[in-house]
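Quick look at what TrEMBL lists:
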ACT_SITE  HIS246  active site
BINDING   ALA129, ASN201  NAD(+) binding site
DOMAIN    14-118  domain 'Aspartate/homoserine dehydrogenase NAD-binding'
DOMAIN    181-280  domain 'Aspartate dehydrogenase'
Amino acid sequence: MRPVGEVQSVLMIGFGAIGRHVARLLRPEISTGRLTLTALVRDLGKHTEHHGLGAELVQVDSPEDSRWSGLTADVVVECAGGPAAKSFGPAAVAAGIPFVLTSVGALADQSTRRALLAGPGDLHVTNGAIGGLDVLEAAAQAQALNEVSITTAKAPRGLVQPWMNAEEIRRLNQLTPAAGPLTIFTGTPAEAIVKFPANVNITVALAWATRGLGFGAVADDELMEAALHRTGVEIRADPRQEDSHHEITATGPAGEFAFSISSTPSPENPATSGLTALSVARTLRTCMAGLRRD
Ligand SMILES: NC(=O)C1=CN([C@@H]2O[C@H](COP(=O)(O)OP(=O)(O)OC[C@H]3O[C@@H](n4cnc5c(N)ncnc54)[C@H](O)[C@@H]3O)[C@@H](O)[C@H]2O)C=CC1
Ligand SMILES: O=C([O-])CC(=O)C(=O)O
C-alpha cells in the first residue's frame with residue numbers, strides 16, 4: 001500500500017450492510033468522477049448482485065495478501081468487523097494512509113490501539129450509531145465531566161451471541177412485548193465489547209470521545225485505557241423495539257448532558273443502526289476535504 005495524494009480514492013474493507021450503504025451515500029461523489037471506490041471482499045462470488053453500486057470489488061483476504069501491497073488509496077475505511085479492523089487498520093496507518101475506523105471496539109484492544117495511534121497515517125474514529133460526541137469531547141478535554149454512561153436497547157434477536165447457553169438464547173428469543181425490556185449486561189465498554197463485539201462499538205466510541213485531552217499517542221493510549229473502565233454501559237433486550245435506541249448521559253462541572261438516539265435499522269442488517277453508514281460517510285468526507293489540494 002502507498003498513499004496517492006491528489007486522487008480522491010477510497011479503499012473500503014468489507015462490503016456488507018454498512019459498506020454498501022456508504023457506497024450508496026457516496027453516489028454524488030462517485031457519479032461525478034470526484035471519487036473512486038474500491039471495496040475489498042473475501043469472496044467475490046458472494047457479491048454478484050453488488051456491482052451496480054459504483055465500487056470496484058477486489059478479493060483480498062488480509063494485508064499479507066500480495067494484492068494488498070499493489071493497491072493505492074487516499075483513505076482506507078473499515079466496514080468489516082473487529083478482526084478486519086485489527087489487521088487492516090495498523091497496515092494502513094503504517095503505510096501513512098488515513099484510516100477511518102467503524103469497528104471502534106478495536107480500540108479496546110491495547111496492542112491494536114497502540115498500532116492505530118502510532119502513525120504516520122491518521123486515525124479517524126467515526127461516531128457511528130451515536131451522536132453528541134462533540135459536546136462531550138469538549139467537556140472532557142476541559143476535565144469537566146465526572147460521569148459518563150450509555151444505555152443501549154435493541155430487539156432481542158440482534159443480541160444473541162455464540163457464547164450464550166441454550167437457556168439464555170431461549171430467554172432472549174421468547175421475550176414478549178408485555179414483559180418489557182430485559183437488562184442483559186451492565187459494566188464497562190472494556191467488558192461489553194468482548195461479549196457483544198458487533199453491538200456495542202458505540203460504547204468504545206463514547207469512551208474514546210470522553211477520554212480527555214492527550215498530547216500524543218502515549219497519552220491518548222493511557223487516557224483511553226482509563227475511559228474504557230470508567231464509562232458505564234447497560235445493554236437491554238427490548239422486544240418492543242424496532243429501532244436501535246441509545247441513551248447517553250454525562251454530568252460534571254460542565255453541566256448535565258443527555259442524548260437520546262433512535263435510529264432506523266440498516267435495511268440489510270436489523271442489528272445495525274442505519275445512522276452508522278451516514279456517520280461513516282460524513283467522517284470520510286471530512287478526511288477527503290482535508291486531503292484535497294486545489
Ligand atoms: N461504530 C458503530 O456505531 C457501529 C459499528 N459496527 C461495526 O461495523 C461492522 C460491520 O457491520 P455490518 O456492515 O452491519 O456487518 P455485515 O456483516 O453486514 O458486513 C460485514 C462484511 O465485512 C466482510 N468482511 C469481514 N472480514 C473481512 C475481511 N477481512 N476482508 C474483507 N471483507 C471482510 C464480511 O464478509 C461482510 O460482508 C460490525 O461488525 C461492527 O464491528 C456496526 C454497527 C455500528
Ligand atoms: O448499530 C448500533 O446501533 C450499534 C452497534 O451495533 C455497535 O455499536 O456495534
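Backbone N, Cα and C atoms are what each Cβ position is placed from, and that goes for glycine too.
Structure coloured by features recorded in TrEMBL.
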residue	record	DSSP (3 states)
ALA129	NAD(+) binding site	coil
ASN201	NAD(+) binding site	helix
HIS246	active site	strand
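Between the alpha carbons (Cα) of ALA129 (NAD(+) binding site) and the residue listed as 'active site' lies a span of roughly 8 Å.
For ligand 1, the recorded positions lying close by, meaning a CB under 6 A from one of its atoms, are ALA129, ASN201; the full candidate list was ALA129, ASN201, HIS246. For the pair ASN201 (NAD(+) binding site) and HIS246 (active site), the C-alpha distance works out to 12 angstrom.
Other Cβ atoms within 10 Å of the Cβ of ASN201 (NAD(+) binding site), summed over all protein chains shown, number 31. With helix defined as DSSP H, G or I and strand as E or B, the domain 'Aspartate/homoserine dehydrogenase NAD-binding' (14-118) counts 54 helix, 20 strand, 31 coil.
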